[in-house]
Amino acid sequence: MIGMNRLIFSKAFTSSCKSVGKVPFAKSITRANTRYFKPTSILQQIRFNSKSSTAPNTEANSNGSTNSQSDTKKPRPKLTSEIFKLLRLAKPESKLIFFALICLVTTSATSMALPLMIGKIIDTTKKDDDDDKDNDNDDKDDTQPSDKLIFGLPQPQFYSALGVLFIVSASTNFGRIYLLRSVGERLVARLRSRLFSKILAQDAYFFDLGPSKTGMKTGDLISRIASDTQIISKSLSMNISDGIRAIISGCVGLSMMCYVSWKLSLCMSLIFPPLITMSWFYGRKIKALSKLIQENIGDMTKVTEEKLNGVKVIQTFSQQQSVVHSYNQEIKNIFNSSMREAKLAGFFYSTNGFIGNVTMIGLLIMGTKLIGAGELTVGDLSSFMMYAVYTGTSVFGLGNFYTELMKGIGAAERVFELVEYQPRISNHLGKKVDELNGDIEFKGIDFTYPSRPESGIFKDLNLHIKQGENVCLVGPSGSGKSTVSQLLLRFYDPEKGTIQIGDDVITDLNLNHYRSKLGYVQQEPLLFSGTIKENILFGKEDATDEEINNALNLSYASNFVRHLPDGLDTKIGASNSTQLSGGQKQRVSLARTLIRDPKILILDEATSALDSVSEEIVMSNLIQLNKNRGVTLISIAHRLSTIKNSDRIIVFNQDGQIVEDGKFNELHNDPNSQFNKLLKSHSLE
């Protein structure tokens, strides 16, 4: 619909052109380029517990099974393919978009017909005034205007039809806006769900290296899920509508301008080449700047998430000022990038506005001369100027459409980077086995963490653990004890060698099904916000109350849970007032694992925060599980109280080699054993 400014302009122009004298100066009002403020959110990230640290500018030292992680730079895709790739994201909403476009065409048709109608109304009114002056008839019949026909209709019928047309236009405009907003919200919801699901399906290589080769951090992933998807949604919903509307308005407006006056149209068309060229260069620059801004926002979110998670450490070391300084640096990076965009946008829109104003003045001057020559009527010039405003606005709108499209492509590149990244380890392929029966064997294992290719962990490692055995892995920090659990859980695949359970190589098994048979408790367990019961049911959703109580008893968590005001319904998590101690968290985490009834239980310093009494009770319960149910127990420990409860001790040296293997008493009684050397060096407590 035409805004009030255009109606005011047409009235002022009509009154001034009756005498074909002085022409008032008309200011063109350009639309402000508003930025879209993106919402932020905090998502809980599930990260695999890897002992590796992410180092920049490193690459995976893998078995070469994946070509997608090649270090060779991919060729830059063509702009056309990038646009079609972006548009394909909206394919599921194609029906809604189709109906929205029908509403858009209807609204645009009504709007584009209005200038011609206004011109005819002006000419009809002017003709009446001229007739009155010629006839000097002051007692004009009141019914005379009704006899004047506008587009073949009497004036009452014409204005009634015009009112109906306005109602239809308003209704279709409502439908357009509602449908496109619906498309945008559906699109962003689907993208966020798809991205989150894709991230959870990734392996540890993704977090250690990822598409960037420097590792994927939680803050950057949050930015891509929350911010980039919003930009894409805007680019594919309202922006597409604005672009199509600009095309329709521009084409129809140009056609009607040619119909009214081809001479004025020729003058108007001279501004199109420079405007289109400027828009093209501006869009290319904006695309790069938009991607840079989104990357800066990702870096800031990453720093925010990291520092807020460690606020107690920051306060302990009194480093608030230095942390704020580093955070301000991230804000400064975003500010500088945004100011570059602001300067570019200011130059682009101010130049376009200047060209538009000069063009309008030129058209008015030339139009008044054509009226004086009798080639145009006042109504024709009014219609032409309104169509000129429409066409000029459409050209500017196309520039803004192209700009927003480039922003969408910049954000889509970061989203596609995650969507198209293929994990090295599939979660769904492979066979499913009902039971994990047999011994665990590591045969000729070579392994290096992908983020530390220069530091090998294992070289030709051979390890045999019998089914139902209670084994403890000991050694100095960094000797590869936790890496054994990482490989057994298949967070990583070895570069060489195989890992078998019975006759099954674990790489041949369905990963999700395989992990459902394992139990893994970390030294620093992650408990989700919610109740204690909800956290335990995370291990087994359909667990009965009897199974929950049994798991609580085995982990000795029932000892403190029953003293809580709300028992199992007690809210826990960082956002709640009820906080658990380290030992209590470990016991809840152990209960969450034991409720799955795993056949292989891996404890990575799982009782390190427990007091001696609680640890003794928990270890006694786990030993009973080992003896009565045949659960294979693999402990990784530095505490002597945990080590001595194991049937077999496997000692690693700093190079990741097994140097001793035997019972606790045998190794402890040998004064020259590596085990005793670890005790003397206080590597074991």
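All positions are counted from 1 along the displayed chain.
Any Cβ shown, glycine's included, is placed from N, Cα and C.
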Candidates Asn357, Asn553; Swiss-Prot annotation N-linked glycosylation site sits on Asn553
Most Cβ pairs under 8 Å to the transmembrane segment (381-401), of 96-116, 266-282, 353-373, goes to 353-373
Taking all residues of the domain 'ABC transporter' (440-680) together, what is their mean pLDDT? 88
Pairwise Cα distance for Asn553 (N-linked glycosylation site)/Asn336 (N-linked glycosylation site) [Å, integer]: 58
Are there residues at least 6 beyond the ends of the transmembrane segment (96-116) whose Cβ is under 8 Å from a Cβ of it, and what are they? 1-2, 90, 165-166, 168-169, 172-173, 175-176, 179-180, 182-183, 186, 240-241, 244-245, 248-249, 252-253, 256, 382-383, 386-387, 390
List, in sequence order, the same-chain residues at least six positions removed whose CB sits under 8 Å from that of Asn239 (N-linked glycosylation site)? Phe401, Glu404, Leu405, Gly408
Count of other CB atoms lying within 10 Å of the CB belonging to Asn553 (N-linked glycosylation site): 15
